[in-house]
Amino acid sequence: MRQTNVALLYEAQRERLALTHVSGQLDRTISVTEDRIWPADLIGHLNLIHPARLQILGAAELSWAQRQSREKIGHHLTEIINARPPAIIVADRCQPPPILCTICENADIALFTTPHPAASVIDQLRLYLSRELSEKISLHGVFMDVLGLGVFITGNSGAGKSELALELISRGHGLVADDIVEFSRIAPTVLEGRCPAMLKDFIEVRGLGILNIRTIFGETACRRKMRLRLVVHLERRLPGQTDPSRLPMHRETQEVLGVPVLRAILPVAAGRNIAVLLEAAVRSTILQLRGIDSTQEFIDRQQRMLEGEPGPD
């Protein structure tokens, strides 16, 4: 179960949202208990159908409440409080009604106020919870920023992943993480990779030991995070092993946390410049993401020439 708590949310967002703690305890848990629930579902405008959410009350909700009888408002607030929401936030520079302060105080539900608009508060907290409560996985490999694309380099031990990363860094690309990469699914089709705090800025290369990339190459050689767009697998061919297709009709993909990611296999052999090949794979992927497929262009040109049409000049 993925979870955080109100205290951590308050500390992380207190300055950004100018939150003021009015009453209640901060120890209540915010958690994702089912796979079908997204972290963004855990917060929203005042909602009696989903009372267990983190509830946001803006000017519109408070204006509606003022038009209702005290008994009706007391009944609805009791329904919400009985569902034990993590917290209630009053936005739009509004003052929380006395009845709300009393109920939250008695039930130990955290009550906050903020001068920011309710919609802005919801957007900011949804983004925060989506990252904090996202699905996560740690994978072995090297994560790089190559030409602005997040590239995850994989391969068996001794395949040359760290050496390749070092060469790419010397060519102006950036290191995100070496050895262990933490990937988070921050949106239905978006994977974000980061480096564990212990390994940040470091890379281990056989024969050289541990190197601090930020110290050696400067600030621009390291990245804090990147979106994963391509997996490059380094593979040493064994005698008799079948070579991959020289003209693949479809790009291979690899699933990470249920999200398909484009995958390229680069055979490793003496004399091959893997850094140049990886850069070419990245450039090809960028073109494909823009709808340009070089393989399909070649097939279409071949078909036109077979049909008697003139080729390009």
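Glycine is no exception: its Cβ is also placed from the backbone N, Cα and C atoms.
Looking at 39-44, 123-128, 177-182, 267-272, the range annotated in Swiss-Prot as region 'Important for the catalytic mechanism of dephosphorylation' turns out to be 267-272. Counting residues of the region 'Important for the catalytic mechanism of dephosphorylation' (267-272) by DSSP class, helix then strand then coil, yields 0 helix, 2 strand, 4 coil.
Model confidence over the region 'Important for the catalytic mechanism of dephosphorylation' (267-272) stands at 84, taken as the mean pLDDT rounded to a whole number. Annotated pair A159 (ATP binding site) and H140 (active site), C-alpha to C-alpha distance, rounded: 13 Å. Look at K161 (ATP binding site): DSSP puts it in a helix. Cα proximity to G155 (ATP binding site) (within 10 Å) is found for the following recorded positions from H140, D179, E204: H140. H140 (active site) is 13 Å away from G160 (ATP binding site) when you measure Cα to Cα.
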